[in-house]
Amino acid sequence: MQQESIYNLIPKEYVPPSKEPMYRSAYPNGLVPTASTFNNHTTSRPKVNNINGDFELVKGPHTHKGQSNSLGKIKGSYKPDATLFRMKNTGTMGSNQLPEIQSFKYPQSCRAAVPKKDEKPIHGLKSNKNFIVTNAVENILSAPKQVTEEKAWTEKKDYGKVPDYLTKIQSSINNEYEIIRNMHMNEAEERDKQKYLMTLEEVERLKLGLKKKWESVNKEYQTITHIRMIDTVGLKRKKEQCEKELALLEKDIEKLNKNYVFIDTQK
């Protein structure tokens, strides 16, 4: 790292570096790549060529380079297009219409005006100002930078207080929560109103009616079960229906054995 010194202000003389000699390859520029198939399309050798890195390839009846090959377009692309020719009445010589006469105008030039012969440029202007010394004197005589004092943020009037916009946002959020809570409570009350608690007398009467229904269905079912062979579709269907009704009645009677029985009035 270069240290600070007064001598560094003096510009040093530039010494251009020595130019290295131009690189020259020891191999010819037209050498075919090793194990390449690029140059075999003009020969009768279908395999790769230049396996040993030879400078000259084996000559044969066909050369490795096509005739008049270059880095231009593909061979045959320079042929003229037969469809591109001058049509009738498309040129100025074969048409009967003359071009419109237009007044000649000089083009507007954006260049600066040519100086007159009396205007002579001023030559030999030189400045004796020492910019190094002038820059040093200006820096020495310049006033120091003023350091701004940091504000005491803790001494502000509203320091530590919650801003008004935060209190407004918090109040709006609380109002939304209160509205949602009231909606849930109203829905729960509506659901509770839809339920009806049955008294013990009503439950007993309902049980008695279900048992009488079960006895009548069971009596009908017992008349079918003693038949050895149920060979008709009607008897088979009647037996299945009695079994379903008995299972449903037993399930309903079991539900009525609970301490509290509620009825949903919406169903």
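In case you wondered, yes, glycine gets a Cβ from its N, Cα and C as well.
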**Per TrEMBL, the range holding coiled coil, considering 197-231, 232-266** = 232-266
**Request:** Over the domain 'Enkurin' (170-264), work out the mean pLDDT and round it to an integer.
**Result:** 84
**Item:** For the domain 'Enkurin' (170-264), the number of residues DSSP places in helix, strand and coil
**Value:** 74 helix, 6 strand, 15 coil
